[in-house]
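*Asks:* Feature table excerpt (Swiss-Prot):
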BINDING   Arg48, Arg54  NADP(+) binding site
BINDING   Arg125, Ser126, Ser127, Asn241, Ala242, Gly286, Lys301, Pro302, Thr303, Ser304, Ser305, Arg327  FMN binding site
Amino acid sequence: MAGNSFGTLFRFTTFGESHGPAIGCIVDGVPPRLPLDEAFIQGFLDRRRPGQSRFVTQRQEPDAVRILSGVFEGLTTGTPVMLEIVNQDQRSRDYGEIRDRFRPGHADWTYQAKYGIRDHRGGGRSSARETASRVAAGAVARRVLETAPAPVTVRGALVQVGPHRVDRARWDWAEVERNPFFCPDAGTAALWADYLDGVRKAGSSIGAVVEVVASGVPAGWGEPIYDKLDGDLARAMMTINAVKGVEIGAGFAAAELSGEENADEMRAGPDGQPLFLSNRAGGILGGISTGQDIVVRFAVKPTSSILTPRRTIDTAGHETEIVTKGRHDPCVGIRAVPVGEAMMACVLADHFLRHRALVGAPGPVGNGGPVEDGDPVGG
């Protein structure tokens, strides 16, 4: 199967299925002599781990990572880093009824159409279980970013669940780690809890929007035309399971703005570098970073596995009905937050190495950081 690798210089390949023995990744292009151990990677995996609240799948996986290669005495060696996560809580019996039936909204039919065979247990390779491997790769990417000329911070938050959006006037990054939703607003988190309890008890699911922000990225990362930084970020987010839309900066809202409103004006900063008065561009112009915060949002569709009976067909082409059993996320967007962070880190690590290889030194540091406190996009 093609399409299992991502990146150019910093490149990772993931492997494994939802109910297979293990999942993991091989990360290539990691510079030597970077500190890396399992405890560092585990910290990021624990944020994504299932079973931590009633609002996510109750599959109990410790997601304990093992470093199998590429590290010696706590430092990377410059050779491929292989990371393994053993699956420990598969319940394949829950999926016996779908061996010969295609679940609406899942990749069952498309995998069968392409390969003539599919692993029906938990979705196999198409399961969101694969994203744990990306989070592990993202941890390695963060070590690469630590060698950049200035600190690069990648943070994510859930900003919408169903019709309910966060109150950006109350945005607090510290609040993200205090609730089970990665929500930057305590009031909205409480509302989401009540809302999702109703969704969960009904056996249904709901979509969400995730926002990922990178601060401290110097001006100059990215390439023009076909290798744009925002192009790679959009592709990265679209590879995440259940993601159906991506926007950068003002994104689709830019269609409603005038040219005067949309273009980010500049003043001269004390260091002679531009000081942007807004960040509608989301930190990228012409495919190259501006030095401002890079702001990406992506929409996650509702989990397709629900208890409501749905019409479908079986492998013989007969119409039938299906109710999906198993342990599923009522809102898969919650655990997509650490995954989005990981993909942002991987793209930035790749472009950092590419920029350094091309010009020999990083670009100048711009005026990064939020334009207004609590609002990464600004206005």
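Keep in mind that glycine also has a Cβ here, set from the backbone N, Cα and C atoms.
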*Asks:* So if I draw a 10 Å sphere around the Cβ of Arg125 (FMN binding site), how many other Cβ atoms end up inside it?
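*Replies:* Excluding its own Cβ, the number within 10 Å is 20.
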*Asks:* If H, G and I count as helix, E and B as strand, and all else as coil, what does DSSP give for Arg48 (NADP(+) binding site)?
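*Replies:* The three-state answer is helix.
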*Asks:* In the structure shown, which of the binding-site residues Ser127, Thr303, Ser305 has the fewest other Cβ atoms within 10 Å?
*Replies:* Ser127
*Asks:* Rounded to the nearest angstrom, how far is the Cα of Arg54 (NADP(+) binding site) from the Cα of Ser305 (FMN binding site)?
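*Replies:* Per the Cα atoms, Ser305 (FMN binding site) and Arg54 (NADP(+) binding site) stand 16 Å apart.
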*Asks:* For Arg48, Arg54, Lys301, listed as binding-site residues, tell me which one has the smallest number of other Cβ atoms within 10 Å.
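*Replies:* Output over binding-site residues Arg48, Arg54, Lys301: least Cβ neighbours within 10 Å is Arg54.
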*Asks:* Using DSSP and collapsing to three states, where does Arg125 (FMN binding site) fall: helix, strand or coil?
*Replies:* helix
*Asks:* Would you mind pulling the DSSP three-state label for Arg54 (NADP(+) binding site)?
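*Replies:* Arg54 (NADP(+) binding site) sits in coil per DSSP, no helix or strand.
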